[in-house]
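Data first, discussion second: the structure below is written as C-alpha cells.
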Amino acid sequence: MSDPRPNTLSPLATLTPPSSSRTWQTAPHPTLPIVATACSDRSVRVYSLTSFTLLHSITGGHKRSVRAVSWKPHTQGQSVLATGSFDSSAGIWRREEQGGNEDDFTNRRVGGAEDEDGRDDDDEDEYQFSCILDGHESEIKSLSWSPTGQYLATCSRDKSVWIWEELEDDNFETVAVLQEHDGDVKCVAWHPEEDLLASASYDDSVRLYREDSDDWVQVACIAGKEGHGMTVWWVEFEGSGISGKDFRVQRDGLSEEQTQHVDSMERSGPRLATCSDDRTVRIWRRKPRERAENASSNTGIPSIIRSAAIDEDWYQDAILPQVHERAIYSVSWSRTTGLIASAGSDGKIIIYKERWRKQTPNGVDTDNMQIDGSEPASLTEWFVLAELFSAHSVFEINHVTWAKRADKDKRYDGEEVIVSTGDEGEVKVWTLDEVADPPQRDA
C-alpha cells in the first residue's frame, strides 16, 4: 500500500512580468534573494524573491536563445553570471554590488538605488557583458561553476564537455575538451566537495571526470543495463554533509546495521541524482575507495570495472517511486532538507523524501549496493511526499529548483520554496506545506 500524501504544494507567486517566450532554467543566486531565468528571446531575466518582480533584463550578449544560467560562487562585492546559448557560445556577466556586504544586499533585496518596485534607477547598476567563450560547434545545453569558482564546465549538442579556468581579468583558458559521449550532452554538474564533474547525455549515459596528472579524464561511466534506458536529461549531486533535518542525523536508537549504513554513506560522500526519458529518477552512490582497495589487495582479484587507481565505482542506490507519466527533465536535491523535487513533460512536480525501511534486509554489505546488475539492497527507501498536477497548466516544466524563501511571509529561517520554469514563459514559486512527519522505522 502506498503512503498517504497529506502534504501539498501551494502556489506562492508567479514572477512578474513573465517572459513572452519559452523559459528554460532558473538559477537561485548563492547568497542574494534573486534568481536568473534563461529565456528563448535571447535574454536573461533577474527576479526578486522578496517582491517576485523583475529587477533586470540582461540582453545583447547572445544571438539566439539563452538555454542555461549559472551563478559563480564565492564572489566578493559583485555578482557573476555565466550564460549558455543556442548560438554555441557562453557569456560572462558582472554586476558590481553597491552597499557593502552580502547581509546588506539580502536585507535590502539586491542593493543599489532601487525604487519601490525593485527596479534600478542607475544604468551603472545593470549587468555588464564581460566576455564571450567560444569553442563549441553547436548549442550549449548546460553550464556549471565548480564549488570554488575556479572552473566553469559547459556542454553542448556537439557531444563535448568543455572545462574552462578563469585566470584573471576575464581571461579564460580551456583546460579540457572531453568527448566521451556519443550524443548530445544535456547537463553538467560539479560535486560539492571535489573537482569531480558529472555529465548526462542523449546517449543514455552518465559520465564522471576528474583531473589526473594535468589531464582531465573519465573516471566512471553509468550506462547499459545498470543505467538509464533512454536520454538522461539532468544530473545533480546531493549537498555536502548530512543536513540537520536529515533522518540520519539522529543516531540515538539506530540499529547496528543502520549506524554502519550512515558511516558507509559518509565515506562514499554526496550521492548523484539523475532523471531520464525513461520516466525514472535514480540515485547513484560511490563505492568507498578504502573498501574497494582493501578488497582488491586482500583477494588479489582486481575490480572488473575499475581499470586504474583514479577510476571510481558508482552503484545504483535507489530508483525513486515512478509517478511521472512522461520524460523527466529536471531534479533538484535540497541541501537544507535532503528532499528531492522532480518535474518534466507531464507538467507534474513531485517531492520525494528518504527514510529508513520498516523492515531491512539481513546481512547487507552497506559498501556494496549493487552486484552484477541486481537490485540494490538498501536500508532506506524513498516515498512521495507531495504531488502537484498541471503546475503550469498544459505546458511542460523545463526546470525545477529549491531556493531560500525571502518574502515577508516567510514562516521560519531557512525555509525553502520550489521554483518551476515553464514552457509558456512563466516562473512559479511554490511552498511545501508538510503537515505530518512520515512514520519511521521501529527502534
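From the backbone N, Cα and C atoms, a Cβ is placed for every residue, glycine too.
When the ranges 1-27, 55-81, 271-297 are checked against Swiss-Prot, the one recorded as region 'Disordered' is 1-27.
Counted over residue pairs 6 or more apart, the CB atoms of the repeat 'WD 6' (255-294) and the repeat 'WD 1' (14-57) come under 8 Å in fewer than three pairs, which marks the two as apart. Helix, strand and coil counts under DSSP for the repeat 'WD 6' (255-294) come to 19 helix, 11 strand, 10 coil. Listed by sequence, the residues of this chain that lie at least six past the ends of the repeat 'WD 1' (14-57) yet keep a Cβ under 8 A from its Cβ atoms are 63-71, 73-74, 79, 81, 83-85, 93, 95, 102, 105-106, 109-110, 114, 117-120, 126-127, 398-399, 401-408, 417, 419, 421-429. Residues 21-22, 24-32, 36-44, 110-113, 124-134, 136-145, 147-149, 152, 154, 156, 158, 164, 170, 172 of the same chain, all 6+ positions outside the repeat 'WD 2' (61-103), place their C-beta atoms under 8 angstroms from a C-beta of that stretch.
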